[in-house]
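J.: There's a structure below that I have some questions on.
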Amino acid sequence: MEDLCVANTLFALNLFKHLAKASPTQNLFLSPWSISSTMAMVYMGSRGSTEDQMAKVLQFNEVGANAVTPMTPENFTSCGFMQQIQKGSYPDAILQAQAADKIHSSFRSLSSAINASTGNYLLESVNKLFGEKSASFREEYIRLCQKYYSSEPQAVDFLECAEEARKKINSWVKTQTKGKIPNLLPEGSVDGDTRMVLVNAVYFKGKWKTPFEKKLNGLYPFRVNSAQRTPVQMMYLREKLNIGYIEDLKAQILELPYAGDVSMFLLLPDEIADVSTGLELLESEITYDKLNKWTSKDKMAEDEVEVYIPQFKLEEHYELRSILRSMGMEDAFNKGRANFSGMSERNDLFLSEVFHQAMVDVNEEGTEAAAGTGGVMTGRTGHGGPQFVADHPFLFLIMHKITNCILFFGRFSSP
């Protein structure tokens with residue numbers, strides 16, 4: 001499972017950088033873990049170069065590389081395994097089946113670990129693969145989806161009734177999200193040429209370990225860039241927290257723990273250097289190794305910190321086909337080259353689109369029951385410790401501390 005968390009972080013950072021480049025000044029919020037786990041269900045049915053490209057983009061080679069566990073009898077029934085043996089690639093088939101089993105077993109274990117403590121926070125994720133009904137999913141593929149992901153693909157009639165299929169998918173998502181997401185697939189997003197779409201929606205709402213005080217009186221200016229100001233409702237907290245400073249990037253990093261095993265990490269540049277968000281250097285420099293270093297106990301120390309962050313709610317919708325293709329996942333979206341023979345004997349499926357929607361509430365949750373009053377934004381008396389004043393764009397990530405898995409990654413650049 002540790003290897004999978006490394007893979008997910010690598011994928012998260014790469015995906016975020018591609019989205020950030022495509023939308024340099026907009027708010028961003030996504031769940032790389034949720035996207036990766038949903039894509040893994042598709043990956044399980046891929047073969048050939050389609051499989052290789054998906055593994056590379058999703059960083060699954062980081063997981064399968066160390067798979068040395070003995071084969072168990074049920075693994076021998078994996079989709080496509082017997083076909084490979086018949087082609088004379090017996091040793092390769094065993095290694096591939098071992099690696100695949102490790103990937104999907106790790107996702108099952110990771111999901112169990114993340115969902116184990118959801119009594120302290122709300123994490124709702126909806127994942128589903130919808131395929132053209134004429135394709136006929138393999139029974140073995142359906143069984144493995146149920147085994148590893150507690151889900152299964154659903155057949156719909158894209159060919160003859162695309163609009164009806166879209167409404168059916170939206171109705172299913174709306175029901176699963178208790179009405180939070182009523183229209184995940186917009187009009188015109190599917191048609192008679194659609195063969196397979198992947199839907200993924202996730203919502204997070206956590207309770208802070210130490211609640212913020214009630215909202216500060218009045219609105220405060222949020223510096224969108226060096227020239228633009230937007231009024232925003234700020235929240236205040238004075239608490240012992242882990243805080244660090246990234247010297248070469250001139251940025252602070254702060255950990256805000258939620259109740260349970262989840263924390264939010266905020267990365268805040270000292271100042272805005274130009275007319276954009278001021279996050280360009282931070283976004284270009286962030287890597288897996290650097291993030292591990294920045295969030296380590298060696299670089300972060302507990303101190304009594306005064307924290308000012310805006311109250312915000314993000315609800316972001318993405319159609320990820322173009323981004324995933326730019327990352328190297330070409331064949332899966334190509335009608336002529338896609339190989340999903342592990343899903344369907346006819347092998348005429350290709351991925352038309354990946355729809356992802358993520359939502360988060362960041363507020364003073366729990367303050368109504370806490371003693372505390374509002375106040376001014378600076379100049380609190382009797383405090384000589386550091387301040388963390390997020391009155392300009394910042395990056396944030398929500399991490400499951402037990403597994404070090406990034407559940408969400410975001411950029412807040414404009415209220």
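Glycine is no exception: its Cβ is also placed from the backbone N, Cα and C atoms.
So Swiss-Prot has the following annotated:
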- CYS5-CYS405: disulfide bond (DISULFID)
- ASN75: N-linked glycosylation site (CARBOHYD)
- ASN115: N-linked glycosylation site (CARBOHYD)
- ASN339: N-linked glycosylation site (CARBOHYD)
J.: At a 10 A cut-off on CB-CB distances, which of the glycosylation sites ASN115, ASN339 has the highest count?
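T.: Compared across ASN115, ASN339, the most Cβ atoms within 10 Å surround ASN339.
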J.: Among all the protein chains here, how many other CB atoms are within 10 A of the CB of CYS5 (disulfide bond)?
T.: 22
J.: Give me the CA-CA distance between CYS405 (disulfide bond) and ASN115 (N-linked glycosylation site), in Å, as a whole number.
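T.: With distance taken Cα to Cα, ASN115 (N-linked glycosylation site) is 12 Å from CYS405 (disulfide bond).
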J.: If you measure CYS5 (disulfide bond) to ASN115 (N-linked glycosylation site) at Cα, how many Å is it?
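T.: Between the alpha carbons of CYS5 (disulfide bond) and ASN115 (N-linked glycosylation site) there are 15 Å.
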J.: Should CYS405 (disulfide bond) be counted as helix, strand, or coil on the basis of DSSP?
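T.: Strand, per DSSP.
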J.: What does the structure give for the C-alpha distance between ASN339 (N-linked glycosylation site) and ASN115 (N-linked glycosylation site)? Integer Å is fine.
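T.: Distance between the two Cα atoms comes out at 33 Å.
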J.: According to DSSP, which of helix, strand or coil covers ASN339 (N-linked glycosylation site)?
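T.: ASN339 (N-linked glycosylation site) sits in coil per DSSP, no helix or strand.
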